Amino acid sequence: RDERNQSIIVSGESGAGKTVSAKYAMRYFATVSGSASEANVEEKVLASNPIMESIGNAKTTRNDNSSRFGKYIEIGFDKRYRIIGANMRTYLLEKSRVVFQAEEERNYHIFYQLCASAALPEFKTLRLGNANYFHYTKQGGSPVIDGVNDAKEMVNTRQACTLLGISDSYQMGIFRILAGILHLGNVEFASRDSDSCTIPPKHEPLTIFCDLMGVEYEEMAHWLCHRKLATATETYIKPISKLHAINARDALAKHIYANLFNWIVDHVNKALHATVKQHSFIGVLDIYGFETFEINSFEQFCINYANEKLQQQFNMHVFKLEQEEYMKEQIPWTLIDFYDNQPCINLIEAKMGILDLLDEECKMPKGSDDTWAQKLYNTHLNKCALFEKPRLSNKAFIIKHFADKVEYQCEGFLEKNKDTVYEEQIKVLKSSKFKLLPELFQDEEKVLSPTSATPSGRVPLSRTAVKPAKARPGQANKEHKKTVGHQFRNSLHLLMETLNATTPHYVRCIKPNDFKFPFTFDEKRAVQQLRACGVLETIRISAAGFPSRWTYQEFFSRYRVLMKQRDVLSDRKQTCKNVLEKLILDKDKYQFGKTKIFFRAGQVAYLEKIRADKLRAACIRIQKTIRGWLMRKKYVRMRKAAITIQRYVRGYQARCYAKFLRRTRAAITIQKFQRMYVVRKRYQCMRAATIALQALLRGYVARNKYQMV
């Protein structure tokens, strides 16, 4: 109606129902709008959900289908508001889940779907088995979700892939890479000494991995246990310890999975790409909710940082900008206090904030999680009220987020922020005979310098997360030097720019309890969530404020239909005042600002109802007139047709009657002559007989008379 792009921001804690709510919204748009062509674009948009859930969702202690990445889907419409395509942007895939799951948690659904379908004939070559056989799927000790059939979910995933144009050969390629990741997780290392290790000869998991990936066993076995170091003049090949080898194996598995994830997202976007010009779009943001676990690491830090940014956007839209506009328009208003989370965002992303100090530590040759923690304490402890140090730990820190206090363990922050992968391992994969595998890496620049511990040796977490303008020569390498935290911060800024350029709508998902129990409602938890996400303040400001507003020109254009000709003046403001005084008798329900009219909740709906009634009455009158004219036209046409039909029928009947009369007359004439002929024949016969009888009788009488004489 307003000719503006829209965004639906679905938010809430982990397990509150954000993904399902986003799916319902997308299903609604697909059902209501329909497709602009016979390509069934709306079905493809919906088909992206099972694919993305299988590769990006997992079971956590809070949620059986938790999104471990964020996504923003722009659904494009043409001028008639029919779906023409869509585009998906993803944010911060939780790669660490590929190689580690906490107790009672699972890896990504797709791995368990593969294991559940291992008996299928086409999967025999993948040499899969039960999920408890693989290190990457058994760590959580909970391979099955109650009420979920992984084999059936695999069928749905494959059907969705087919609908989106991913051929069977490409699907098998994807499953081959995923199976390879599972076998890679079972590769074991044996220590030679404290600084070196080896892989047993003809090690079965590595043999299967190399067969599936189409790479040489010796090369992969060598580079899993060694690394290359370069100096100014020479290059050294150095063995690595068992612990470093396990970390390198896990880093490789994470990197393959992240690139496969990006490849699938790219193919989904190609399938959903609009073939005609987009007129407008509705964006649906489904991003991870606020999280706090027993052990919180870099992923939870980024997730909660994203939620702080979204809460800030909500505050800016609903509170700050709202109240500032009242002041600017000189509307009588008493300011309402609300929780401002800008200080928490500054603590994370401002200069010398947590992310800045983390990036700085990543650049240090001997930087570690412990030294980074000390820098945090020195910089922020007792200086920022939102930052605390745990009493019993020197390797953790506490942030007071808008939703709750969260304690983060510093261990692993630097490694995850650098996201190190050894270059030689990637080179082995790029030389694969299996054509899909090099495709995953073909868009990458040089992944690592030979000294792989430096920040330049990281691989970006998600190509789809940040979409910069076309790079200048050398810019791509610079992009690869950015840490994961830096890239995530940039992607969030781009997301905020997109959201701020649209009209936002908020869906707040409230979690009824923390134990995943059905029909169990914890009132205190619900109120805590409502308060944390600003819903209570929103209700207060909506009740006391003026949530709807129009400029005078917009109001005049929209409600001109309610005005009579004599009400229209050259002064638009006075015209609007005169009309509103007649339509809304309670003057407290609206206020006139400098450039806009402000309405309390429900008043625009009331005006819309009056407008709709007026338009309906006018529509009925137009319909009545048009229908009368159409019926008259139809009647005249039918009457003319009836007369024509009658004329032809009567003519036909007259001709038939004339023919009948002629035939009757002819029949009578024939009968007359026939009867005359019959009667004459009978008469002549009788006459001849009579004459003969008379002649005989007279002869007899004459002879008798003659004899008597």
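Even glycines carry a Cβ here, placed using N, Cα and C.
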**Prompt:** Any idea which of 32-54, 354-376, 492-514 is down as region 'Actin-binding' in TrEMBL?
**Reply:** 492-514
**Request:** For Ser14 (ATP binding site), write down the residues of its own chain that are at least 6 apart in sequence and whose Cβ falls under 8 Å from its Cβ; none is a fine answer.
**Result:** Thr60, Arg62, Asn63, Ser66, Tyr288, Gly289, Phe290, Glu291
**Prompt:** Can you name the far-off residues of the same chain, 6+ from the ends of the region 'Actin-binding' (492-514), with a Cβ under 8 Å from a Cβ of it?
**Reply:** 2, 4-13, 15-18, 21, 25, 62, 72, 89, 91, 283, 285, 289, 305-306, 309, 313-314, 317, 466-467, 520-522, 525-526, 529-530, 533, 535
**Message:** Please list the DSSP helix, strand and coil residue counts for the region 'Actin-binding' (492-514).
**Reply:** 9 helix, 7 strand, 7 coil
**Fill in**
Same-chain neighbours of the ATP site, Cβ within 8 Å of the mean position of the Cβ atoms of Gly12, Glu13, Ser14, Gly15, Ala16, Gly17, Lys18, Thr19 and not counting those residues, run in sequence order as Asn63, Gly289, Cys509, Lys511
